[in-house]
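Step one of this worksheet: look at the structure below.
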Amino acid sequence: MSNLITIERHILEQQKFFPEAHGELTDLLTDVAFAAKLVRREVVRAGLVDILGLAGSTNVQGEEVKKLDLFANEQIISAIGAHGRFAVMGSEENEEIIIPTNNESGNYVLLFDPLDGSSNIDVNVSVGTIFSIYKLKTSDPAKASLADCLQAGSEQVAAGYVIYGSSVVMVYTTGHGVHGFTYDPTIGEFLLSDENITTPKRGKYYSMNEGSYAQFNEGTKRYLDYIKTEDKATNRPYSTRYIGSLVADFHRNLLTGGIFIYPPTGKHPNGKLRLMYEANPLAFICEQAGGRATNGKERILDIKPTELHQRTPLYIGSTDDVMVAEEFEQGKR
């Protein structure tokens, strides 16, 4: 039998890159993996219990909340917050920051999207959890505040996501490569399946919702015309691959190459995706895998956030593809 490496073992081995660490980050990532198992348990049997459909409320984004959204949010807060390792947390589903109980010894910040792509739950399309970890800036954990959450993405110490699909996959980085794990339900463990993931420099797929084409700016329209025009030298035309679940679309492009685009529109001039919960963690992962992520004008990880639920346009994926998209957005083509 091949040497099976669990995510817990792999995380422990990653400690060698942090000689000053005392195992805290290892415990945090292990907690996240445990929370993912709890969410996975309910996602796979959502159709058998009364957890599908709408909860009859809206979140801070003004979106209708799914029952499974609420469950995932509650499970993550409960499973992770109870240990006191995080001084402060932020969730896409909560308007304000979350101060966990016993946070006096917490030295980290957790920001997360409990269930990305939740509009797909009822039709059995892949959904996922996205998370981001930062060091606490405040010297006293008991005084952790919103300011500790509003850090640039370049300050992340770890980020990752979990996809609940035909198989359950967890991908994470601590700034030393990107690693993927597949959940084995027979033993209840995430096992290493993809070590040191690298994304192709150029792909042949693009992922975006073209339903808002009439509201796209001229740069976006010209870029779409460009990637649909035949040119063998640049592997065009590109093919569309779009699920409507950010984490699933991103994961596919990470492995196969390509670009995910959520541009500004007339209705959403500042974009629609959340900087802190979606763009930053995925940008960190993408760059660690050799890719690129921008808002069309600025590197995502350099953006200085001013709001917990700040939105941003997003161009993320293979470096060459993103750079070309930027040139169109900036009027250079």
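Placed from the backbone N, Cα and C atoms, the Cβ positions cover glycine too.
Per Swiss-Prot, the candidate among ASN73, ASN196, ASN209 that belongs to the substrate site alongside ASP116, GLY117, SER118, SER119, TYR242, LYS272 is ASN209. Here Swiss-Prot has ASP113, ASP116 binding Mg(2+) 2, and the candidate from GLU8, GLU230, GLU278 in that same listed site is GLU278. Together with ASP113, LEU115, the Mg(2+) 1 site in Swiss-Prot holds one more listed residue from GLU42, GLU74, GLU92, GLU155, which is GLU92. The DSSP secondary structure for LEU115 (Mg(2+) 1 binding site) is strand.
For the binding-site residues SER118, SER119, ASN209, counting C-beta atoms within 10 A of each C-beta gives the highest total at SER118. Neighbours of GLU92 (Mg(2+) 1 binding site) among the binding-site residues SER119, ASN209, TYR242, LYS272, defined as a Cα within 10 Å of its Cα, are absent: none qualifies. Sparsest Cβ environment among the binding-site residues GLU92, ASP113, ASP116 (other Cβ atoms counted within 10 Å): GLU92. Closest in space to LEU115 (Mg(2+) 1 binding site), of the binding-site residues given as ASN209, TYR242, LYS272, GLU278, is GLU278, taking the CA atom of each residue.
Taking the Cα atom of each, TYR242 (substrate binding site) and ASP113 (Mg(2+) 1 binding site) are about 20 angstrom apart.
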